[in-house]
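Let me give you the structure first, and then I'll get to my questions.
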Amino acid sequence: MGYRLARNSDKIKSTYDLVEQMEFLFVRIVRARNLPAMDIVGSLDPYVVVKLGNFTNKTNHRERNRDPEWENVFAFSKGHIQAQRLEVVVKDKNFIKDDIVGDVAIELPEVPLRAPPDGPVAPQWYRLRKGNNRDDDAYRGEIMMAVWMGTQADEVYPDALHSDAHLLPLASIPHTRSKVYFSPRMSYLRINVISARDLKPSRPDPAIYIKVQLGAQLRWTLVSSDRSPNPTWKNEELILVACEPFDDPLVLMVQDRLLPNKDETLGKLEIRKGAIRTRADHHKPFAPQWFNLDNPNGSSGNGSGYGKLQLRVYYDNNYHVIDESPHFCSDFQPSAKPLRKPNIGLLELGILNARDLAPLRSNNGGGKRVDAYCVAKYGPKWVRTRTILGTAEPRWNEQYSWDVHDPCTVLTVAVFNNGHVDGNNDAAKDDPLGKIRIRLSTLEIDRVYTHFYPLLVVHPSGLKKTGELHLGLRFTCTSWLNMLFLYVKPLYSKMHYMQPIPFNQMQYLRYQAKQTVAAKLARAEPPLGRDVVAYILDDASNTFSLRKGKTNWHRIRMLFSDVQAYLKWFDAVRSWTRPAVTTLVLLLFCVVAWTPSLILPSVFLHLFIVGAWNSRRRPRHPPHVDTNLSFAESAVPDELDEELDSYPSTRTNEMVMSRYDRLRVVASRVQSVVADLANHAERIQALLSWRDPRATAIFVVFAIIMAAVFYFLPFQLVVMLLGLYFMRHPKFRSKTPSTAYNFFRRLPSNADTFL
């Protein structure tokens with residue numbers, strides 16, 4: 001699909017060639033001047049009405065202003081235009097009936113065509129006339145505006161008021177516009193608590209600990225082992241998530257735990273961003289500092305009257321603040337700009353259209369209406385398309401691009417049903433209609449992919465298909481060598497491996513980072529809702545799901561399917577079902593056993609041949625959701641309802657008990673498998689532990705005999721004899737288990753000592 005424009009469109013074709021061209025009539029209302037007074041008192045409350053056939057849009061009115069300014073842009077889709085004349089009417093707002101100040105009529109065939117990179121169409125002054133009486137030369141003022149035909153590549157397209165939204169309340173219009181957002185730049189704030197002195201507790205043996213607060217984040221240290229007014233802590237480090245511009249102060253409170261639910265605050269410390277240092281290299285950490293504590297009641301302290309606190313506190317920009325699932329991460333860049341990787345390419349995404357969209361519930365009680373928009377995230381950049389109102393077949397045709405720093409990253413695109421179009425419910429949520437994830441490493445370089453991706457949502461009643469999303473993708477690489485070199489480099493920056501953050505603490509920091517991003521984007525205009533951000537960033541990997549447990553078990557079985565097939569083939573060879581094949585395998589084994597230097601070259605040559613052979617069947621399209629692998633279609637509704645249940649559960653006691661019993665059955669099977677593995681491992685340990693003195697004595701004698709055999713006989717001969725013995729004809733085998741198996745099964749394990 002080419003994106004073609006009438007003139008000067010070479011740049012646009014190279015930039016917007018993944019989507020279809022959509023033409024719009026743009027009307028930019030700038031200002032008016034010298035408007036006449038319409039009231040007896042000489043006042044005027046003007047506003048502008050733009051009419052095109054059956055479509056009508058208007059600006060806000062300006063109170064008592066004869067030289068008003070609006071700076072509004074209106075867009076009319078060419079496919080909806082049925083009139084030949086555009087009318088721009090200036091009216092005076094009144095309580096009973098609005099009076100017409102004057103109007104301007106423009107014939108559409110005379111409207112110029114504009115396409116970037118052409119400069120913007122300059123607004124012009126148009127003289128206002130009264131109604132259809134064009135012979136009336138009375139001066140009624142002038143209006144400055146610009147009218148042109150353009151496309152979705154126009155700079156004013158994201159902020160324009162479109163014709164399909166003209167009936168919406170004014171409060172809903174911002175929620176329908178397209179927008180580009182950026183995640184805030186975040187850093188880890190490290191607080192290393194070392195010691196305190198000169199505290200004034202109310203008892204001789206205080207239990208001192210430190211409570212740290214940054215915004216809504218709260219953390220506590222352990223109680224110091226020193227029960228004195230001069231406590232110390234060992235390796236007590238707290239990590240919080242901070243984001244620019246670092247307006248929230250860091251508050252530390254020294255507290256004495258009197259009772260399990262009662263604390264006494266001994267001092268308070270508030271540190272602003274100017275007093276916190278920033279670390280942006282791998283050098284030695286900063287030296288600790290002493291801070292004077294203030295009155296915990298809020299009044300200023302007098303010097304060190306409330307004691308001192310020794311801290312090492314700084315913003316650590318050596319880490320990447322993780323706010324996504326590690327399995328679907330779109331960015332690995334650290335907070336420090338000098339440590340970031342250079343760009344290796346460009347990712348271009350064209351959001352074309354969708355079809356057969358079907359919301360799962362009514363839109364705020366107004367019926368199952370579809371007002372769909374898309375949100376795409378890659379790296380710190382979020383994009384939101386325009387909301388297409390009242391259609392299950394929306395056409396967006398919007399194109400966006402991202403700089404790529406690592407090919408092993410994931411692009412996330414989701415479709416939502418806008419719940420804010422009625423303008424009456426600020427607490428409304430945008431229901432998700434499905435999510436698509438595309439890993440860049442699965443894309444071929446400089447190839448354009450245009451496919452329909454299924455939109456699927458797991459619902460308590462079962463898997464629901466809510467439609468299909470049509471996307472265009474292209475991954476362009478600027479340096480092949482740099483991209484290939486990234487495959488052998490670590491994903492994250494060096495500090496993630498030199499000083500790794502514990503897993504449990506990382507889970508907490510990831511949650512706080514998601515909350516920080518959601519809070520920042522919710523304050524944008526138009527806001528990107530917290531529910532939208534949570535749906536994009538969350539993979540629900542930490543929630544229990546019996547369906548996902550079956551999926552993971554099936555994945556493990558698939559991984560070992562090739563091994564199982566090889567063992568089945570080898571058993572057939574060993575059983576002499578095809579004597580010619582068995583003889584050939586024996587000859588090859590003898591050659592390899594006698595010349596072991598051929599083993600590694602043969603293995604790698606085999607891997608090369610298999611990889612080259614499989615290249616003919618390599619995937620030609622990006623992968624999408626596999627419902628069979630996910631066990632989404634075969635899952636029963638009760639399992640899906642359990643998966644979507646909240647914490648704590650909101651279901652009835654009987655239902656929770658039933659699910660608990662089912663979980664006990666599954667857990668007992670897992671317990672049995674783990675117990676068998678532990679028994680086998682302990683039997684191996686029992687070979688030399690003398691728990692069974694006779695078995696250990698047999699094994700020790702066997703070991704010394706084998707040592708002598710391997711010492712005096714050539715290694716190749718021993719391996720060849722063992723192979724021939726193992727591949728012997730079934731006539732020379734016993735149907736009972738082997739001697740080694742019988743000996744191993746008789747070894748003891750620690751299961752004998754369990755209750």
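Each residue, glycine too, has its Cβ placed from N, Cα and C.
The domain 'C2' feature in TrEMBL is assigned to 6-126, 167-291, 328-453. Look at TrEMBL and you will find 584-613, 697-726 tagged as transmembrane segment.
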What does the DSSP secondary structure composition of the domain 'C2' (167-291) look like, as residue counts for helix, strand and coil?
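Residue counts for the domain 'C2' (167-291) by secondary structure: 7 helix, 65 strand, 53 coil.
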So, by DSSP, how many helix, strand and coil residues make up the domain 'C2' (328-453)?
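Within the domain 'C2' (328-453) the tally stands at 7 helix, 57 strand, 62 coil.
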Please indicate, using numbers and ranges, the residues of the same chain that are 6 or more beyond the transmembrane segment (697-726) and have a C-beta under 8 Å from a C-beta there.
574, 586, 589-590, 593-594, 596, 687-688, 743
Tally the residues of the domain 'C2' (6-126) by DSSP class, grouping H, G and I as helix, E and B as strand, and everything else as coil.
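Going by DSSP assignments, the domain 'C2' (6-126) contains 12 helix, 52 strand, 57 coil.
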Summarise the model confidence on the domain 'C2' (6-126) as a single mean pLDDT, whole number.
84
